[in-house]
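Written below as C-alpha coordinates is the structure these notes are about.
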Amino acid sequence: MFKSGFVTIVGRPNVGKSTLLNAIMKEKLSIVSCRPQTTRNNIQTILTEDNYQLVFVDTPGIHKPKHKLGEYMVKSASEAMKDVDLVLFLINPDEKPGRGDLFIIEQLKEVKVPVFLVLNKIDENPQEKVAETLKTYSELMEFEEIIPISALKGKNIDLLKELMFKYIPEGPQYYPEDMIIDQNERFIVAEIVREKALRLLSEEVPHGIAVEILQMKKNEKGTYHIEGNILCEKNSHKPIIIGKGGSKLKKISQYARQDIEAFLQSKVYIRLWVKVKEEWRDNQSLLKELGYKNMK
(Lines of atoms letter the chains of each structure in order from A and count residues from 1; the text may use other names and numbers.)
(Lines give C-alpha, C1' and ligand atoms only; values in the text may rest on other atoms or scores of the structure.)
Protein backbone atom coordinates (compact mmCIF):
# COMPACT_ATOMS: atom_id res chain seq x y z
CA MET A 1 0.00 0.00 0.00
CA PHE A 2 1.41 3.38 -1.06
CA LYS A 3 0.09 6.62 0.43
CA SER A 4 0.50 10.19 -0.77
CA GLY A 5 -0.80 13.56 0.30
CA PHE A 6 -0.40 17.31 0.18
CA VAL A 7 0.43 19.07 3.45
CA THR A 8 0.47 22.76 4.25
CA ILE A 9 2.12 24.43 7.24
CA VAL A 10 0.39 27.54 8.59
CA GLY A 11 1.04 29.89 11.49
CA ARG A 12 1.74 33.47 12.40
CA PRO A 13 4.84 35.11 10.85
CA ASN A 14 8.18 33.99 12.27
CA VAL A 15 6.74 30.99 14.13
CA GLY A 16 9.26 28.62 12.53
CA LYS A 17 7.46 27.13 9.53
CA SER A 18 10.53 27.12 7.31
CA THR A 19 12.68 25.65 10.07
CA LEU A 20 10.13 22.86 10.57
CA LEU A 21 10.07 22.09 6.86
CA ASN A 22 13.85 21.96 6.74
CA ALA A 23 13.89 19.64 9.78
CA ILE A 24 11.41 17.26 8.15
CA MET A 25 13.37 17.24 4.91
CA LYS A 26 16.80 17.40 6.56
CA GLU A 27 17.66 19.86 3.80
CA LYS A 28 17.96 23.67 3.66
CA LEU A 29 15.09 24.23 1.25
CA SER A 30 13.16 27.18 2.58
CA ILE A 31 14.55 30.57 3.51
CA VAL A 32 15.14 30.84 7.26
CA SER A 33 15.61 34.22 8.91
CA CYS A 34 14.86 35.78 12.28
CA ARG A 35 12.53 38.23 10.55
CA PRO A 36 8.81 37.65 10.01
CA GLN A 37 7.37 37.10 6.50
CA THR A 38 10.64 35.92 4.98
CA THR A 39 8.97 33.05 3.12
CA ARG A 40 7.37 34.75 0.14
CA ASN A 41 6.47 32.08 -2.39
CA ASN A 42 4.62 28.77 -2.09
CA ILE A 43 7.38 26.19 -2.38
CA GLN A 44 6.29 22.62 -2.96
CA THR A 45 8.79 20.35 -1.27
CA ILE A 46 8.63 16.60 -1.78
CA LEU A 47 9.49 13.93 0.78
CA THR A 48 9.48 10.41 -0.65
CA GLU A 49 9.93 7.29 1.47
CA ASP A 50 9.46 3.60 0.64
CA ASN A 51 5.72 3.59 1.26
CA TYR A 52 4.61 7.22 1.04
CA GLN A 53 5.15 10.63 -0.51
CA LEU A 54 4.38 13.93 1.21
CA VAL A 55 4.19 17.13 -0.81
CA PHE A 56 4.62 20.19 1.43
CA VAL A 57 3.43 23.63 0.46
CA ASP A 58 5.54 26.12 2.44
CA THR A 59 3.53 29.32 2.88
CA PRO A 60 4.18 32.88 4.04
CA GLY A 61 3.01 33.84 7.51
CA ILE A 62 -0.51 35.22 7.57
CA HIS A 63 -0.49 38.92 8.47
CA LYS A 64 -2.28 42.16 7.63
CA PRO A 65 -1.06 43.16 4.15
CA LYS A 66 0.47 46.59 3.60
CA HIS A 67 1.30 46.36 -0.12
CA LYS A 68 0.72 44.22 -3.23
CA LEU A 69 3.37 41.71 -2.19
CA GLY A 70 1.79 41.45 1.26
CA GLU A 71 -1.64 40.88 -0.29
CA TYR A 72 -0.17 38.13 -2.44
CA MET A 73 1.52 36.49 0.56
CA VAL A 74 -1.69 36.38 2.60
CA LYS A 75 -3.76 35.15 -0.34
CA SER A 76 -1.11 32.55 -1.07
CA ALA A 77 -1.15 31.25 2.50
CA SER A 78 -4.95 31.13 2.65
CA GLU A 79 -5.30 29.33 -0.68
CA ALA A 80 -2.69 26.78 0.37
CA MET A 81 -5.17 25.46 2.95
CA LYS A 82 -7.53 24.47 0.15
CA ASP A 83 -7.14 21.22 -1.77
CA VAL A 84 -4.66 19.69 0.68
CA ASP A 85 -4.95 16.50 2.70
CA LEU A 86 -3.51 17.72 5.98
CA VAL A 87 -2.82 21.05 7.73
CA LEU A 88 -0.12 21.62 10.34
CA PHE A 89 -0.89 24.65 12.55
CA LEU A 90 2.42 25.67 14.09
CA ILE A 91 2.54 27.76 17.28
CA ASN A 92 5.02 28.76 19.98
CA PRO A 93 4.18 27.90 23.63
CA ASP A 94 5.60 31.17 24.93
CA GLU A 95 3.06 33.31 23.06
CA LYS A 96 -0.63 33.62 23.90
CA PRO A 97 -3.06 33.40 20.96
CA GLY A 98 -3.03 36.77 19.23
CA ARG A 99 -5.23 38.25 16.53
CA GLY A 100 -3.21 36.46 13.87
CA ASP A 101 -3.66 33.08 15.56
CA LEU A 102 -7.39 33.65 16.05
CA PHE A 103 -7.72 34.67 12.40
CA ILE A 104 -5.99 31.45 11.32
CA ILE A 105 -8.17 29.36 13.63
CA GLU A 106 -11.33 30.82 12.10
CA GLN A 107 -10.03 29.77 8.69
CA LEU A 108 -9.05 26.33 9.96
CA LYS A 109 -12.57 25.73 11.26
CA GLU A 110 -13.74 25.80 7.64
CA VAL A 111 -11.13 23.26 6.50
CA LYS A 112 -12.51 19.80 5.69
CA VAL A 113 -9.25 17.91 6.30
CA PRO A 114 -7.38 16.89 9.49
CA VAL A 115 -5.59 19.69 11.34
CA PHE A 116 -2.63 19.04 13.64
CA LEU A 117 -1.63 21.49 16.36
CA VAL A 118 2.17 21.51 16.41
CA LEU A 119 3.90 23.24 19.34
CA ASN A 120 7.39 24.37 18.40
CA LYS A 121 10.34 25.33 20.64
CA ILE A 122 9.29 23.05 23.52
CA ASP A 123 12.96 22.79 24.52
CA GLU A 124 12.95 26.53 25.25
CA ASN A 125 9.86 26.52 27.48
CA PRO A 126 8.99 24.88 30.83
CA GLN A 127 6.50 21.99 30.75
CA GLU A 128 3.97 24.04 32.69
CA LYS A 129 3.96 26.71 29.98
CA VAL A 130 3.59 24.10 27.24
CA ALA A 131 0.67 22.48 29.09
CA GLU A 132 -1.01 25.85 29.60
CA THR A 133 -0.71 26.70 25.90
CA LEU A 134 -2.08 23.29 24.94
CA LYS A 135 -5.14 23.83 27.10
CA THR A 136 -5.77 27.32 25.69
CA TYR A 137 -5.65 26.21 22.05
CA SER A 138 -7.62 23.01 22.69
CA GLU A 139 -10.48 25.16 23.94
CA LEU A 140 -10.46 27.25 20.74
CA MET A 141 -10.93 24.33 18.33
CA GLU A 142 -10.60 20.57 18.08
CA PHE A 143 -7.42 19.15 16.58
CA GLU A 144 -6.90 15.62 15.25
CA GLU A 145 -3.44 15.46 16.81
CA ILE A 146 -1.36 17.66 19.12
CA ILE A 147 2.41 17.24 18.78
CA PRO A 148 5.08 19.11 20.78
CA ILE A 149 8.35 19.47 18.84
CA SER A 150 11.63 21.31 18.56
CA ALA A 151 12.14 22.01 14.85
CA LEU A 152 15.63 23.39 15.44
CA LYS A 153 16.81 20.34 17.41
CA GLY A 154 14.75 17.78 15.51
CA LYS A 155 12.84 16.58 18.58
CA ASN A 156 9.68 14.55 17.79
CA ILE A 157 10.08 15.11 14.04
CA ASP A 158 9.98 11.35 13.40
CA LEU A 159 6.79 11.12 15.47
CA LEU A 160 5.27 13.91 13.39
CA LYS A 161 6.13 12.02 10.19
CA GLU A 162 4.51 8.85 11.53
CA LEU A 163 1.30 10.71 12.35
CA MET A 164 1.22 12.42 8.96
CA PHE A 165 1.55 9.01 7.28
CA LYS A 166 -1.38 7.77 9.37
CA TYR A 167 -3.70 10.52 8.12
CA ILE A 168 -2.83 10.89 4.44
CA PRO A 169 -4.84 8.81 1.94
CA GLU A 170 -3.74 6.02 -0.35
CA GLY A 171 -2.53 7.52 -3.59
CA PRO A 172 0.05 7.56 -6.37
CA GLN A 173 3.60 8.84 -6.32
CA TYR A 174 3.15 12.31 -7.80
CA TYR A 175 6.84 13.15 -8.23
CA PRO A 176 10.00 11.14 -9.02
CA GLU A 177 11.64 9.84 -5.84
CA ASP A 178 14.81 11.87 -6.40
CA MET A 179 12.91 15.17 -6.75
CA ILE A 180 12.78 17.23 -3.55
CA ILE A 181 11.57 20.63 -4.74
CA ASP A 182 9.46 21.94 -7.62
CA GLN A 183 11.13 25.32 -7.96
CA ASN A 184 13.94 25.87 -10.44
CA GLU A 185 17.58 26.40 -9.52
CA ARG A 186 17.46 30.16 -10.14
CA PHE A 187 14.68 30.57 -7.60
CA ILE A 188 16.60 28.63 -4.94
CA VAL A 189 19.80 30.60 -5.62
CA ALA A 190 17.89 33.89 -5.30
CA GLU A 191 16.35 32.75 -2.00
CA ILE A 192 19.76 31.79 -0.61
CA VAL A 193 21.18 35.22 -1.46
CA ARG A 194 18.14 36.93 0.05
CA GLU A 195 18.46 34.93 3.26
CA LYS A 196 22.09 36.00 3.69
CA ALA A 197 21.16 39.63 3.03
CA LEU A 198 18.39 39.50 5.64
CA ARG A 199 20.73 37.99 8.21
CA LEU A 200 23.51 40.52 7.67
CA LEU A 201 21.57 43.73 7.20
CA SER A 202 20.43 45.99 10.00
CA GLU A 203 16.81 46.78 10.81
CA GLU A 204 17.11 49.81 8.53
CA VAL A 205 16.55 47.53 5.55
CA PRO A 206 13.70 45.20 6.56
CA HIS A 207 11.72 43.28 3.94
CA GLY A 208 12.13 45.78 1.15
CA ILE A 209 14.72 43.68 -0.67
CA ALA A 210 14.51 41.10 -3.41
CA VAL A 211 17.07 39.23 -5.49
CA GLU A 212 17.04 39.16 -9.27
CA ILE A 213 19.27 36.53 -10.91
CA LEU A 214 20.51 38.02 -14.18
CA GLN A 215 22.74 35.19 -15.34
CA MET A 216 23.45 31.62 -14.26
CA LYS A 217 25.79 29.71 -16.54
CA LYS A 218 27.81 26.52 -16.09
CA ASN A 219 31.14 26.30 -17.94
CA GLU A 220 32.88 23.22 -19.34
CA LYS A 221 34.70 22.70 -16.02
CA GLY A 222 31.41 22.54 -14.13
CA THR A 223 31.77 25.94 -12.44
CA TYR A 224 28.67 28.11 -12.16
CA HIS A 225 28.99 31.81 -12.96
CA ILE A 226 26.13 33.70 -11.34
CA GLU A 227 25.29 37.39 -11.58
CA GLY A 228 22.44 39.11 -9.80
CA ASN A 229 20.95 42.28 -8.39
CA ILE A 230 19.86 42.89 -4.83
CA LEU A 231 16.86 45.19 -5.23
CA CYS A 232 15.98 47.77 -2.59
CA GLU A 233 13.26 50.43 -2.44
CA LYS A 234 15.17 53.49 -1.28
CA ASN A 235 18.40 55.23 -2.29
CA SER A 236 19.29 55.46 1.39
CA HIS A 237 19.25 51.64 1.62
CA LYS A 238 21.83 51.15 -1.11
CA PRO A 239 24.95 52.21 0.88
CA ILE A 240 23.75 50.14 3.86
CA ILE A 241 23.59 47.00 1.72
CA ILE A 242 26.94 47.72 0.05
CA GLY A 243 28.70 48.59 3.31
CA LYS A 244 31.92 50.51 3.83
CA GLY A 245 34.23 49.75 0.92
CA GLY A 246 31.79 47.09 -0.27
CA SER A 247 32.31 45.03 2.90
CA LYS A 248 28.67 44.13 3.52
CA LEU A 249 27.98 43.11 -0.08
CA LYS A 250 31.16 41.04 -0.08
CA LYS A 251 30.02 39.15 3.04
CA ILE A 252 26.59 38.50 1.52
CA SER A 253 28.29 37.09 -1.59
CA GLN A 254 30.70 34.93 0.43
CA TYR A 255 28.07 33.41 2.69
CA ALA A 256 25.65 32.87 -0.20
CA ARG A 257 28.34 31.19 -2.30
CA GLN A 258 28.96 28.56 0.38
CA ASP A 259 25.31 27.50 0.52
CA ILE A 260 24.85 27.71 -3.25
CA GLU A 261 27.86 25.43 -3.77
CA ALA A 262 26.36 22.93 -1.32
CA PHE A 263 23.02 23.13 -3.15
CA LEU A 264 24.43 22.84 -6.69
CA GLN A 265 27.26 20.47 -5.71
CA SER A 266 29.58 22.56 -7.86
CA LYS A 267 32.07 25.38 -7.56
CA VAL A 268 30.38 28.78 -7.80
CA TYR A 269 31.55 32.24 -8.79
CA ILE A 270 28.97 34.88 -7.84
CA ARG A 271 28.87 38.61 -8.50
CA LEU A 272 26.21 40.87 -7.00
CA TRP A 273 25.15 44.47 -7.50
CA VAL A 274 22.70 46.65 -5.59
CA LYS A 275 19.95 48.36 -7.56
CA VAL A 276 17.21 50.74 -6.40
CA LYS A 277 13.67 49.90 -7.57
CA GLU A 278 11.27 52.21 -5.78
CA GLU A 279 8.07 50.56 -4.56
CA TRP A 280 8.98 47.26 -6.24
CA ARG A 281 6.64 45.44 -3.83
CA ASP A 282 3.68 47.22 -5.48
CA ASN A 283 4.90 46.55 -9.04
CA GLN A 284 2.87 43.56 -10.23
CA SER A 285 4.85 42.96 -13.42
CA LEU A 286 8.15 43.02 -11.54
CA LEU A 287 6.77 40.69 -8.86
CA LYS A 288 5.90 38.20 -11.60
CA GLU A 289 9.41 38.51 -13.06
CA LEU A 290 10.85 37.78 -9.62
CA GLY A 291 8.91 34.54 -9.45
CA TYR A 292 5.88 35.39 -7.32
CA LYS A 293 3.16 33.27 -8.86
CA ASN A 294 -0.52 33.96 -9.45
CA MET A 295 -0.21 37.73 -9.25
CA LYS A 296 -3.34 39.42 -10.62
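The first residue you see is number 1, and the count goes up from there.
Just so you know, glycine gets a Cβ as well, placed from its N, Cα and C.
Features as listed in Swiss-Prot:
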BINDING   11-18, 58-62, 120-123  GTP binding site
DOMAIN    3-170  domain 'Era-type G'
DOMAIN    201-278  domain 'KH type-2'
REGION    11-18  region 'G1'
REGION    37-41  region 'G2'
REGION    58-61  region 'G3'
REGION    120-123  region 'G4'
Once DSSP output is merged into helix, strand and coil, GLY11 (GTP binding site) belongs to coil
Collapsed DSSP category at LYS17 (GTP binding site): helix
Local confidence of the prediction over the region 'G2' (37-41), expressed as mean pLDDT: 41
The DSSP breakdown of the domain 'KH type-2' (201-278) into helix, strand and coil residues is 29 helix, 28 strand, 21 coil
